[in-house]
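Sequence annotations record features per position, and here Swiss-Prot assigns divalent metal cation binding site to Asp8, Asp9, Ser43, Asn96 based on sequence analysis.
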Amino acid sequence: MRILITNDDGINAPGLEVLEGIARDLAGPDGEVWTVAPAFEQSGVSHAISYTHPMMIAKLAPRRYAAEGSPADCVLAALYDVLQGARPDLVLSGVNRGNNSAENVLYSGTVGGALEAALQGLPAIALSQFLGPETEGLADPFEGARTHGARIVRLLLEKGLWDDGDYRLFYNVNFPPKPAAGVRGQRVAAQGFRRDTSFGVEPHMSPSGRRFLWIRGGAQHSPTLPGTDAAVNLDGYISITPMRADLTAHDRLAELEALIG
């Protein structure tokens, strides 16, 4: 099996090392693991692509590259340059430091990398480690993902739905904010919404007298509807959410057509 991995926390992020281990486990001794990840932090870039300027790329080691671009850029760089036309059997993005559940999905570069792979017709999974009070004291905050990651990916490869439509299905996986031994299993869950956690800005003044702003988010442990991704994570379960890039509100098309068509 040939596996391509990327992330949004950058080439030196600890979560990428976790994902490389997961990928090596999945690929086996005869497989290939290729890493093309951002040279710098790219959290919050979503599905951005850098088509207005060139993307520098450097080979760091055999099958390991750093690109000065977003996770989606890295997927494109791998498919159309690094791999020299060879197609990966699977694309994994992560393991993100922090959850990519609920509304975070819309901002996530980790999800954006998987989304781009899906648009390119490839099986893709985004993986993130929810952090919280129970992971703060751990020697390895990623131990949930490290312990259960390969099993979850195998489960999806063996039993998941992998349609090949125009907006191909991909998966968003979040590991709960628990030690590995405290993970209770996995749940298929819809994307939730935290009503009191939208982003805002926090104004400050620099020592030189210049005004600047920090973008801040809300509490990541706020509740979502029961059974949705963040809710099952907080209950100790790994959430598995099937996703597509199609943002159309299909359930409202007929109603809107009747009103204004």
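Here the Cβ of each residue, glycine as well, is placed from N, Cα and C on the backbone.
Other residues of the chain with a Cβ within 8 Å of the Cβ centroid of Asp8, Asp9, Ser43, Asn96, the divalent metal cation site, are Asn7, Gly10, Ala13, Gly15, Glu41, Gln42, Pro71, Gly94, Arg97, Gly98, Ser108, Gly109, Thr110. When secondary structure is read from DSSP and collapsed to three states, Asn96 (divalent metal cation binding site) falls in the strand class.
Annotation for Asp9 (divalent metal cation binding site): same-chain Cβ neighbours under 8 Å, separated by at least 6 residues, are Gly15, Leu16, Glu41, Gln42, Ser43, Asn96, Arg97.
The most crowded of the binding-site residues listed here (Ser43, Asn96) is Asn96, judged by how many other CB atoms sit within 10 Å of its own CB. Under a cutoff of 8 A between CB atoms, and with a sequence separation of 6+ in the same chain, the neighbours of Asp8 (divalent metal cation binding site) are Pro38, Glu41, Gln42, Ser43, Gly44, Val45, Ser70, Pro71, Ser93, Asn96, Ser108, Gly109, Thr110, Gly112, Gly113.
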